[in-house]
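Working notes, structure below.
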Amino acid sequence: MPELPEVESVRIGLAGHVLGRTIEGVCVYRPYSIRHTPGGAEEFQDELMGATFAEVARRGKFLWFILDAPEGTGRALALVVHLGMSGQLRVHSDTESGPGSHTRVRLTLGGASPMILDFVDQRTFGYMTVDELVLTTDGGPGGVGTQLPALPARAAHIARDLTDPLLDLAATAERMKSRRSPVKAVLLDQGMAAGVGNIYADEALWRARINGGTRADRIALPRLIALLEAGREVMTEALAQGGTSFDALYVNVNGESGYFSRSLNVYGRAGDPCPRCGEPIRREAFANRSSHFCPRCQRRK
DNA sequence: AGGTCGACCTTAGTGC
DNA sequence: TGCACTAA
DNA sequence: GTCGACC
């Protein structure tokens, strides 16, 4: 499941291939995948045809391509992508090949050597849409990959990345402390700090030795700050490793490869000994999803 | 206000 | 082999 | 992964 490190890997990979290219073809195989576009496939095509990719930016799990419209119609637009649970963006140059069975949208990009950008999404929870850019409330850059103090309207409620130096950890910890919900839920709240998903939330909690079910307001401020720092560390390390599993012409998110199989301490390791104390890692249901933790290092308080 | 649950959708894997 | 259920 | 409904 793509979280901040995975989406950032995709962003970096894409930047190297699509910047400066113009969209010459738009194929929507699955209208549901562009469901957030009010005018449907027709509007989606109209707004994209002829547009050029000026920048590729990201905030949390949102990715967007800032468009240079052919006839500057005033409003700044971006092609927004959210990968959901299983989305992938793939770039390749064989314009002859047909779309795979899970390809939902295909864009043909012009240039010296034309290329294809496929949005592949098995489960379909992800989506693509064209959205208007709105100014950031703090005046800072809208996301990683752009200097513009703007981001897509539909991502405006997302906080700055947990890994963003501009995010004030102490202030964020204070906000967390005002919540009575389980700290894991607060960590997953994209309006608090963006980019943390189920996997990295479990990893951060394990590193900080905090039980995710503990009410946030019952945790001392320094521990909340430590939790945020732990999250920042895991995601930074994951990004460093995630970069290695992608090669030039194949840009994707593969939930099983690289970082996943090796470096995770608790996620997907139910029954395995805790790397710190040897106690078997436990897996429990939490808010309709699974949580992994060490019952010894992460006692409920 | 918080917490739990189901919905959204597709498919690969597991077990009887 | 296939259906039912689950995890992702 | 995310949203909205209901207790």
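Quick reminder: no glycine exception, Cβ is built from N, Cα and C everywhere.
Database features (TrEMBL):
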ACT_SITE  A:Pro2  active site, schiff-base intermediate with DNA
ACT_SITE  A:Glu3  active site, proton donor
ACT_SITE  A:Lys61  active site, proton donor
ACT_SITE  A:Arg289  active site, proton donor
BINDING   A:His102, A:Arg123, A:Arg179  DNA binding site
DOMAIN    A:2-126  domain 'Formamidopyrimidine-DNA glycosylase catalytic'
DOMAIN    A:265-299  domain 'FPG-type'
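Structural mapping of features recorded in TrEMBL.
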residue  : record                                         : Cβ within 10 Å
A:Pro2   : active site, schiff-base intermediate with DNA : 27
A:Glu3   : active site, proton donor                      : 22
A:Lys61  : active site, proton donor                      : 26
A:His102 : DNA binding site                               : 17
A:Arg123 : DNA binding site                               : 10
A:Arg179 : DNA binding site                               : 15
A:Arg289 : active site, proton donor                      : 12
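DSSP gives A:Arg179 (DNA binding site) a coil state; it is part of no helix or strand. Cα to Cα, A:Arg123 (DNA binding site) and A:Lys61 (active site, proton donor) are separated by 17 Å. Among the recorded positions A:Lys61, A:Arg179, A:Arg289, the ones whose Cα sits within 10 Å of the Cα of A:Glu3 (active site, proton donor) are A:Lys61. Here the CA atom of the residue listed as 'active site, schiff-base intermediate with DNA' lies 15 Å from the CA atom of A:Arg289 (active site, proton donor). Residues A:His102, A:Arg123, A:Arg179, recorded as contacting DNA, have a largest CA-CA distance of 40 Å.
A:Lys61 (active site, proton donor) sits 23 Å from A:Arg179 (DNA binding site), taking the CA atoms of both as reference points.
Between the C-alpha atoms of A:Arg179 (DNA binding site) and A:Pro2 (active site, schiff-base intermediate with DNA), the distance comes to 26 Å. Confidence in the domain 'FPG-type' (A:265-299), given as mean pLDDT, stands at 89.
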